[in-house]
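Here Swiss-Prot flags SER10, LYS42, THR79, ARG93 as substrate binding site, drawing on sequence analysis. What Swiss-Prot lists as ATP binding site is SER10, PHE11, HIS18, GLY94, LEU95, ARG96, GLU104, VAL129, ARG130, PRO131, ILE132, THR133, ALA134, THR135, and the listing cites sequence analysis. Marked as site 'Transition state stabilizer' by Swiss-Prot on the basis of sequence analysis: HIS18.
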Amino acid sequence: MSRIALYPGSFDPVTNGHLDVVRHAVALCDKLVVAIGIHPGKKPLFTTEERLAMVERVFGPVAKAAGCDFGCTTYDNLTVTAAEKVGATLMIRGLRDGSDLDYEMQIAGMNETMAPAIHTVFLPASVGVRPITATLVRQIAAMGGDVSAFVPAEVASALKSKFAAGSPA
């Protein structure tokens, strides 16, 4: 039986912090499925299709190099429902600091009640990526700042193009 892990998030955009989590997660499972949450009330900077393409291009080679199968999907329901749908028994969550832990522990407890067969695995962020958040990356990019230290090169390029084209600031 293969061990399938789900790594959920908005990935708007993919950051080096997300990449750090994936690098660690692929060592824990036979297949990693990255699930992009679609929330009707939120207006993402990147379209669903753009985020799926980013996830595939950035994370896919990392999984392949580790000998881990890889997939990406979207979901618009409960995260545990998305995990069950792909057959995941592990849910991967990255932690930057104590406030992340407090929040994620609450969610993990609720998820465990709803889906006891799915276990949350917390992966602490490596020191160099702890301060990175997608929100801060978007803000820096919107103001014309250099985000190349915080995101993969192709994501930095996509952000530059988004804001140069007069897209949402």
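Start at 1 and count along the chain as shown; that gives each residue its number.
Using the three backbone atoms N, Cα and C, a Cβ is placed for every residue, glycine included.
Within 10 Å of the Cβ of LYS42 (substrate binding site) there are 9 other Cβ atoms, across all protein chains. The sparsest Cβ neighbourhood within 10 Å, among the listed binding-site residues (SER10, THR79), is found at SER10. In terms of Cα spacing, the binding-site residues SER10, LYS42, THR79, ARG93 that come within 10 Å of ALA134 (ATP binding site) are SER10. Under a cutoff of 8 A between CB atoms, and with a sequence separation of 6+ in the same chain, the neighbours of ILE132 (ATP binding site) are THR15, ASN16, GLY17, ARG96, PHE150. When the binding-site residues HIS18, ARG93, ARG130 are compared by the number of other C-beta atoms lying within 10 angstroms of their own C-beta, ARG130 comes out lowest.
Shown in sequence order, LEU101, GLU104, PHE122, LEU123, PRO124, ALA125 are the residues of the chain, 6+ apart in sequence, with a C-beta less than 8 angstroms from the C-beta of LEU95 (ATP binding site). For the recorded site, ILE132 (ATP binding site), the DSSP three-state label reads coil.
The two recorded residues, SER10 (substrate binding site) and ARG130 (ATP binding site), show a Cα separation of 18 Å.
In the three-state DSSP scheme, GLU104 (ATP binding site) is classed as helix. Comparing Cα positions, HIS18 (ATP binding site) lies closest to ARG93 out of the binding-site residues LYS42, THR79, ARG93. A strand conformation is recorded for LEU95 (ATP binding site) in the three-state DSSP classification.
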